[in-house]
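Some notes on the structure that comes next.
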Amino acid sequence: ETTEPVLPPCFCLNDGVCQDGACVCPEEWVGSLCELVNFCEVSIYTANISEGILKNLTFQRIIVGKYGNSAEKCEHNTVNGNHSIAIRMCSRVGKTPTLQPPQILNCNANLDSLASQVETADSSNVSAIASNTQILTSMPEQLTTQSISTAANIAVRILKKPNISEDSQASVAIMATVSQLLDANETEFNSDNLIDVTASLTRTMEEFSLTSNITQSNIAIQSVPLKLNSSTILFSAQRDMALGYIQSTKLEVQENVPGLTGDLSTEVQILLNIKNNNNGRVGFVLYQNGKFFQSRIYKSRSRFSKQIISGNIDGGRTSGVELAFSPKYNTSQLQLRDHACVFWDYTTNDWSTTGCTKGRDQFLRCRCNHTTNFAVLMAFQIKYNYAKPLEYISYIGIGLSIAGLVITILFQIFTRKTRKFSITWMLVNLCFAMLIFNIIFVSGIENRNAKNHSSDTTSYDQQYQTYDTTSNTLLTSDLVDPPADSWCTAVAVLLHYFLLATFMWTALNSAQLYLLLLRAMKPLPGRFIVTMSVIGWGIPAIVVAITLGTTYREGKALNYRQEEFCWLAALDENQDFSMEKPMLWSFLLPVALILLFNFIIFINITVSVIWRDNKDLTRNKKDSFMKKMISTISIVVVLGITWTVGYLMLINHKETSLVFSYVFCILNATQGLQICILYTFRSQIFKKKISEVFLVFSVPEIPVYLHSKTYYVSKSHLAKHSREAFRQPETFSEDTSLSTLPNHR
C-alpha cells in the first residue's frame, strides 16, 4: 500500500483532469471548469486556387491560435502531391473563436525549390515564398531533420532581407513557420547537422527582434525604442486573466522600473540595466521551449519544457541583467530539487553558467553579465509515494507463516525415518524458499530512502534564499534520481530470486504429484532429486541474472527495481505500466506460466484421484467428503494456486480490486501457516509426539479404516481372485493429499 497526496476536489467538464486542485483542460476547451469552447468548427470555404479556378475547401475543427489543413490536397502529378492545398487559422476575436481566410499553397513548389528561389527573390515574391513555407511546415509531426533544416534556412534568408519587418505578411508567415518548427518532434533536433542551422536562426531572430512585434503560439518578439532617460527596461510575460474566461499570456515592456516585479502571475521576466544610452532600440525574444537549443551536457528526460528569453540592445550597453522564472510543472508528481542560471554560448553551442549567479524566493532568479538567450535549467525528482510501513495484520500473518515454515521444515527433517509415507525433499525445498522470501520481505521491503524523504524535499527550499555565487553549476539532466540505495537493490534481487524459486518448487511439486498419482505404475526418472534441485534453484538464478544483466547499470538501479519499495520496476517515468520494465517479462509472465501448469495438474489430480467416485466405498459419506475437501485444499496450498488471485487485482474497478487485494493478502501472507497446519499439525505423528511431550494435549486415536484391494498377478486368477477388505492401519499416515504417496526422500 502506498500513500497518496490529498488534493482539493474539483469538478471538470469535457474530459478535463483535476490536478493540484485546478482543472487541466484539453486544448479544445478553456475556462476554470473546461466549459468554454476553444476551437473553430468544421468549415467550408470557396477559394480561388489558381487562374480563376474556384474550389470548395473543407477544414476540420481547428484549435484557437493554430492553423488547420484543408481536406483537399494537391494533385498527384504535382511536386506537393497529397499535401493539403491550403491552411486556415482560427483566432479569437473577443470571446468568439473566428476563422481567418485560408492561405493557398503553390502545389508545384516544395521546400527545396523555395530555398533555391529565396536568395534572388524580390520583395514582391518574398511574401509568397514565406506563405508557402508556412503551409509546407503546417504539419509539424511530419517534419524531418532535413525539412526542418531547409525551412530554417529559408527563414534566415528572408529575415535578413532589407526592411523585411515592413512586410507584415512575410514577417508573420515566417514567425508562424518558426513557431511550427518548435512543434516538431524533439528527436528530429538531436542531429548534429542542425546545430549550425538553429544557431544561425536564433542569432537572426535576435537581430529581427529590434524592429518587429509579432506573437505566435511558440514564439514572441517585442521591440521598443530606448529613450535618453531610460535606465532600466523590463520585459515580462504574465498569465492574463483580465478577460475572465480564458487564461492567456500578456507581454509587457516597462521602462525605468526599480526592479523585477513580485507579481506571482508573471511567468518570466528580464530586466536590463542600461548604460551609455544612444537612442537605440531593445529587442526581446521569448521561446516557449528549448528545441532550438540542444545541449550535449544537459539532457531532458521529462515532458517539462523550458522557456528561453533573450534581450538584445542596439545603440547602448548593459551593466547587468536580472531574470526571474516561475516554472509551471505538475507539483503533485514532481519536486524541484535544483536549478541553474545559464545562457547559450555560441562559441561552444551549449549552455554555460559563466558570469551568472542564482537565487530563489517565490521565483527562480538569475543575475548575468550577458544579454542573450537565457534559461533556467531545472532538475526535478519524481514525488515517489513511498510504501507505508507494513500493517500489524501483515506482520502477524507473515510472522505466523515464518513460524509455520520453520516447524514444517524441522518436522520433515527430524521425522523422516519415522514416517513411512513422506515427500521430504520437495516439500522442504519449497518451504525453505518461501521462508527466506518471507524473512527478507518483512525485514527489507521498505526503502530506507522513505525515512529521509520529507527532510530531503525541504532542504532545497531552504538552500537558495539569496543569490549564490558558488553553487550555480551546469546541470546534466532535468530528472534527479533519488539517493542510491544498494541495500534496496540487493533486497529486490533476493526477493526476485526466492519468490521465483518458491514458484518453481511449486511447479516441481506439481510435476512429482503427476508422476506419482497419475503415472503410478511407472518409476520416477533416474537422478530425479538431483535434477529437480538443479531446476528448482538454477532456473530462477538464470532469470534473475539475465534480468540484472539487461536492466541494471551503475547509477541506474531504477531500471531494475522500484523506488517506492524494494521490488521489481513496473512503471515508467509517467507512472504508466511499461512493457519494457522487468516486472512483466521477468516475473509476471514466468509466474503465469507456472500457475497455468500447476492449475492443469491440479484439475487432473482432483478429477482423476481425489474426487473420483468409488462405488464400493461404504464409509461415512460425510467423513469421506471432508477428507476430499482437505486433500483438495492441501494441493491448492502447496501448488500456490491462491496466487492467481493476484491477477484479479488488476481488474480496473476500485471496489472489486480492493476486495481481491484483501483476499490475496490473507491467503498468501499466511501460506506458510497453511502448509504447517495441513502437512504438520494434522499429521498423526506430530499429534503423537506432542501428546508424548505434553500429556495434557493427548489426542485420542480414532480408528481410520482404509479401503484396500489385493490383486493376484496370475492372469488366470486376475478377475476371480481379487478381493477387497477394510483394515485398520498399524501406523497412522499423514492425513493429507500426499499421505498415499510412496516414500520418496
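One-based numbering along the chain as shown.
Backbone N, Cα and C atoms are what each Cβ position is placed from, and that goes for glycine too.
No curator has checked TrEMBL annotations; they are predicted automatically.
According to TrEMBL:
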- 210-384: domain 'GAIN-B' (DOMAIN)
- 390-683: domain 'G-protein coupled receptors family 2 profile 2' (DOMAIN)
- 392-411: transmembrane segment (TRANSMEM)
- 423-445: transmembrane segment (TRANSMEM)
- 494-516: transmembrane segment (TRANSMEM)
- 528-548: transmembrane segment (TRANSMEM)
- 587-611: transmembrane segment (TRANSMEM)
- 632-653: transmembrane segment (TRANSMEM)
- 659-681: transmembrane segment (TRANSMEM)
Query raised in the report: With an 8 Å cut-off on Cβ pairs and a sequence gap of 6 or more, do the transmembrane segment (392-411) and the transmembrane segment (494-516) reach 3 or more such pairs?
Result: no
Query raised in the report: With the transmembrane segment (659-681) as the reference, which stretch in 423-445, 494-516, 632-653 has the largest tally of C-beta pairs below 8 Å?
Result: 632-653
**Report entry** Same-chain residues near the transmembrane segment (494-516), Cβ under 8 Å, at least 6 residues beyond its ends
**Finding:** 423, 426-427, 429-430, 433-434, 436-437, 440-441, 444-445, 522, 524, 532, 535-537, 539-541, 543-544, 547, 566-568, 586-587, 590-591, 594-595, 597-598, 601-602, 604-605, 635, 638-640, 643, 738, 741-742, 744
